[in-house]
Amino acid sequence: MKSQILLRRTYSTTIPPPTANVRITHLSRIGKIHEARKLFDSCDSKSISSWNSMVAGYFANLMPRDARKLFDEMPDRNIISWNGLVSGYMKNGEIDEARKVFDLMPERNVVSWTALVKGYVHNGKVDVAESLFWKMPEKNKVSWTVMLIGFLQDGRIDDACKLYEMIPDKDNIARTSMIHGLCKEGRVDEAREIFDEMSERSVITWTTMVTGYGQNNRVDDARKIFDVMPEKTEVSWTSMLMGYVQNGRIEDAEELFEVMPVKPVIACNAMISGLGQKGEIAKARRVFDSMKERNDASWQTVIKIHERNGFELEALDLFILMQKQGVRPTFPTLISILSVCASLASLHHGKQVHAQLVRCQFDVDVYVASVLMTMYIKCGELVKSKLIFDRFPSKDIIMWNSIISGYASHGLGEEALKVFCEMPLSGSTKPNEVTFVATLSACSYAGMVEEGLKIYESMESVFGVKPITAHYACMVDMLGRAGRFNEAMEMIDSMTVEPDAAVWGSLLGACRTHSQLDVAEFCAKKLIEIEPENSGTYILLSNMYASQGRWADVAELRKLMKTRLVRKSPGCSWTEVENKVHAFTRGGINSHPEQESILKILDELDGLLREAGYNPDCSYALHDVDEEEKVNSLKYHSERLAVAYALLKLSEGIPIRVMKNLRVCSDCHTAIKIISKVKEREIILRDANRFHHFRNGECSCKDYW
């Protein structure tokens, strides 16, 4: 007899209903709905609870049709069955079906009514929920709290306050919800009154008050609450940390982060973001590297802070590492990397990101299209940018401005003007301030002065756009490039606002081109008053002094820079080779692994340049070195190093793309023109101002830059 019992216990396929219900619920929760159904079908004896569990399982796995089919097959139903059907439909967004079931119910209790009210609240139909709520024959704590939360979610704080006062028996959830809602609306003191009235507070209540203070710029009050909390969870610590980060108190956040007993992912992400805002990128990277686990937001945040703080190469390396580790980039991450690719002129990686956006069907979005256009423009692929532009029948202002700016930066003034003229005819978009900056820049770069003057005159009279300093800067730049200094000064004198650094900088740049030293000194004085720490002004004026042999003035400027702790921005150039971006600084190849090969290319180019009649321009070089050293130093400029490395590594016929953070120097411009001819290579150089397309010894700028 005992052995038979043991045998049945071991091998019986029938699971007692209570145990089966638990397992059905568990399997449903972890997504194994088909296994749950097999278990349900294997039960010889099914209770109403078994049927209810299986129906709930289908709803939990977003299978409302299967749930309803099983419900209709139930031999017996109780009110729990009906309530489960109403609640399940609501959770699946099937509001109308839920209401039909509710109306058909043979009997209803407070749970039935509450389920329907909660469903309407959950689906954003608070007005309908409110109407039902007041019709309820009876209400319990849950009913009141559900309606309260509905008002709060809908931003109806005053209605929530009135309802809160009517609740006969306020529980912890209702009070905490009210605290959260008031804090969200900035009514922190009222929230604190409710908090102080509570005889018992859960850790959630304490944390809600801490969060509320933090979100309302009262982080010191948040800390006082935090310090007296009877217990703290990971969420409590994280809320306090985020309060510090959101209020820019990064040092306090660092101190708190160090003593946190557990550092959850969300806390680490907040710390990375905070350190990034402060520019502490190395510290942020250490936090990221120390994380035992990371989520999508971790990668997104660390990539974003590197991109925003000018560490584009590191951001790109992180993106590559992310993909190697099998993490799929989120949409914001892809957008950040597109900006990185644009900054670095990394066409290969930009195309990869474009492909990912296409696979996810994000490329149909107008915003994404404008970001892609910008990336291709800055990588020198203007044709691909125009293809994206033409693909959209309905274009927003950003797309129009992007393509006009693209033509401007490539020196294609006529094409830019053509698009500008098409814009009003499209009927949907009117030119704005940015449009005119782009169009006037196009005229300036292309030397189309008369056309630029006409567009400037039409801004306010035809399009109703009042000139701002950016437009004046474009006009001064355009007139100055053309050598029309009197008109440029008249333009400045006519300004209704105070000229800014962009205006004086435009005129100073023109002075360099036309060797107008007297005007340059006047402009530099104005610029130093506005931006005393900007090294560009000192360097440009110093170069002009050097070109005229005024070495005493050069020394005086150097002394002034030293006194004011002004440091020259180092020139840096990038080129993409074998799907990797390589950076070069002036003279900076001593530590390069391919130093010898690069030096050989430089020597070869030096010989070819001399044979082609190249005459080095040493006019801006320092006077305290001999002529041979001056000439030798020129070939180690960052843009020359990048071109040399690209020639070394890229196959014949492949265009060379180089990006420089500063304006290309006149000597390198001349040298690269000749290199493009003697090496029969197209070289695309993007400097701080514009693109230079070198081909067969000519530049697209026509030496008008």
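Cβ coordinates are placed from backbone N, Cα and C, and glycine is handled just like the others.
Annotated features in Swiss-Prot:
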REGION    503-578  region 'Type E motif'
REGION    579-610  region 'Type E(+) motif'
REGION    611-705  region 'Type DYW motif'
REPEAT    16-46  repeat 'PPR 1'
REPEAT    47-77  repeat 'PPR 2'
REPEAT    78-112  repeat 'PPR 3'
REPEAT    113-139  repeat 'PPR 4'
REPEAT    140-170  repeat 'PPR 5'
REPEAT    206-232  repeat 'PPR 7'
REPEAT    268-294  repeat 'PPR 9'
REPEAT    295-329  repeat 'PPR 10'
REPEAT    330-364  repeat 'PPR 11'
REPEAT    365-395  repeat 'PPR 12'
REPEAT    396-430  repeat 'PPR 13'
REPEAT    432-462  repeat 'PPR 14'
TRANSIT   1-11  transit peptide
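Residues 397, 400-401, 404-405, 407-409, 411-414, 416-417, 420, 423, 468, 470-471, 474-475, 477-479, 481-482, 484, 690, 701, 704-705 of the same chain lie 6 or more positions beyond the ends of the repeat 'PPR 14' (432-462) yet place their CB under 8 Å from a CB of it.
Secondary structure counts, DSSP: the repeat 'PPR 5' (140-170) has 23 helix, 0 strand, 8 coil.
Tertiary proximity for the repeat 'PPR 7' (206-232) is limited to same-chain residues at least six positions away from its ends with a CB under 8 Å from its CB atoms, namely 176, 179-180, 182-184, 186, 188, 191-192, 195, 239-240, 242-244, 246-247, 249, 252. Predicted-model confidence for the repeat 'PPR 5' (140-170) is 94, expressed as mean pLDDT.
Assigned with DSSP, the residues of the repeat 'PPR 11' (330-364) fall into helix, strand and coil as follows: 30 helix, 0 strand, 5 coil. Proximity of distant same-chain residues to the repeat 'PPR 13' (396-430), defined by a Cβ-Cβ separation under 8 Å and at least 6 residues beyond the stretch ends, is recorded for 366-367, 369-370, 373-374, 377, 380, 382, 385-386, 389, 438-439, 441-443, 445-448, 451, 455, 463, 686, 690-691, 693, 700-702, 704.
Counting residue by residue with DSSP, the repeat 'PPR 3' (78-112) contains 26 helix, 0 strand, 9 coil. Within the same chain, residues 17-18, 20-21, 24-25, 27-29, 31, 33, 36-37, 40, 84-85, 87-89, 91-92, 94, 97 sit at least 6 positions outside the repeat 'PPR 2' (47-77) and bring their C-beta atoms closer than 8 Å to a C-beta of that stretch.
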